[in-house]
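To start, the structure itself, in structure tokens.
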């Protein structure tokens, strides 16, 4: 009898936990909608501004480095996927390796973006610019990078959790949240890149 | 849409609840939705009083432009040297009055209070989806308020570019006194405010979709919840856009970019910023700014629906139409922002498009107005103070909404733009209507919040003073606007054509002062009743919704036992055949055979068969 009550309690706790996790995941999706709206606003601002005169517009070929950074973030999404798959199979060793790979690729992406900025600088396309369409390139990439930093922090937290051997359920949930966010950042970058390419 | 079942009982809930409540966790950093609602409300009331005092100050200037009031110098120092308010400070007054009223009172004070109070209560949830985010939402808001008020205590004064902070006044720190540190503080405050709204909004949406009790389908939700839910969606989609606008503004102010600035000369020096477009800011701002006015008015509409239906003892007229009109307003709110910009040199074709979308909003708005009136029609009306304010809300919504048809018209707007006609329009339709919706909510749900009743006589006194006062203040402004008197002007004595309006300003200012003093009745009633009010019964208004099934004393988790299940919609008032004039949502249809219609069983064959048998037995001839 007592065992039964204990099991019931466990079940209820589990149900409660699942519910709160579901709500947290849902909050993340809502947050992503908010983030996307911010970039959508930058995009529409860019369009309105660029159409305000013939001397506006990107007026340059986007740095070639962006292709490498795109490759880096796409591969990082792949490694993130593998890391998540590994943890679901309870293969923590593999999880850590792929997680570290993802973080490293994130850092690589970060520096490639900075490299792209220095290419733009060498062409005398600066942030303070009388053609604000060019300033917008920095706004897009800069705000995306700010999110990448947040993403790397989230991934690092996952890695610390994996190192500390937190309970598997928590580990999987952390990884799930992180991978949703990380894939979102990848997609966001592809959106930004395509948007800029179409307008260059 | 599936319904999530919440089946745990309170005993279990207590097991993992953190019950070592200290003063700090109970009253200050509370994560309980009821306490957070009260925090939002009281902060909102304080901000409202502050913003109201600002409005009285500039009304004094408008009524007596040539008179000196030495007392002003005592309080305002160099901003009112010789007892006359300075032009710079006048601009600050209108700016901060607008900002505080729109964002702090009618957005956070209204949505924050009632979404927090009613979403868990009326849906049958123990608390919000994320109580922590909820607490953060309040504290971001609180800090935003403190920073905004603090801008009155700096040398150069608060921001003064208008609540819409158009560049270049907002983007060039050297433009006017208020463009300096005051503007920076405004931007910091608003950034925190946006964070608060997004945190709150995400939580409201998530709670409505994930935490409803058993049987609470979307179509059984009270209209209050529908309005909070849709308001939160509007906020989630529009506030991030304001972030973008503000970020670019920050770059223009502090980094030297030229998103919004071009061809400017300040104090004889040419600014380096070149090629920017101030119109860009207006697009980004109004993409938030217009949805914002619906963020302000929709919760008021929801509260009014509930109060009117309860106190007319009648089902709300056209429940589905009410929901669809809210959905319609939500969708349309995003495609009308251009009507604020008809005179910016916008292409007439684009202006025409915005005009059509704008005028279409009259349809869902009119549906709501007619439905309120149809609900009142032949109702068994109880004129409680809450009901008075709800009816007042409908009155303002109609009289202010009608002038929207004029302003939404691109050609008429050329004449009316930036005149007192606009001031009259939005103060009636969104200012007065929303504040009345909010006050109606306060009077109605006060027993739920504090366990005591407010004094009715003071309530009526407060209502009549405010209602008549608001019309006396805002109605004459229509005529000034038609005559072309521009808003935000410092003195009416400088232009011969405006001088004749000084006498009207005198009337308006006296009306404003009297109704402002009338608010003392409310403040006294509100704060004194917390301790001295009559003790409230569990369901003082004989209402159907779930919050009245909770005990008067607040407890953690809201319901002592299991969360009640819901069997019917919330508006079964005066249902023919039932012995009482209300049937709470928790009463199953099997207990109300004498009043059921066949369609109440929603296709449940067993129920329909039982009902038919019952009807035959009791000679009931009712079409279902």
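From the backbone N, Cα and C atoms, a Cβ is placed for every residue, glycine too.
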The annotated transmembrane segment range in TrEMBL, which must be one of B:64-86, B:386-408: B:386-408
Correct range for transmembrane segment (source TrEMBL, candidates B:135-154, B:255-274, B:535-554): B:135-154
Mean per-residue pLDDT computed across the domain 'Cytochrome oxidase subunit I profile' (B:23-591): 94
Segment-segment contact (the transmembrane segment (B:316-337); the transmembrane segment (B:223-251)) at 3 or more Cβ pairs under 8 Å: yes
Leading stretch by Cβ pairs under 8 Å, where the reference is the transmembrane segment (B:89-114) and the options are B:223-251, B:284-304, B:349-374, B:420-446, B:458-481: B:420-446
Cβ-Cβ under 8 Å with the transmembrane segment (B:40-60): same-chain residues at least 6 beyond its ends: 69, 72, 76, 85, 90, 93-94, 96-97, 100-101, 104-105, 108-110, 112-113, 116, 138, 141-142, 145, 149, 435, 442, 449, 505, 508-509, 512-513, 516, 519, 523, 526
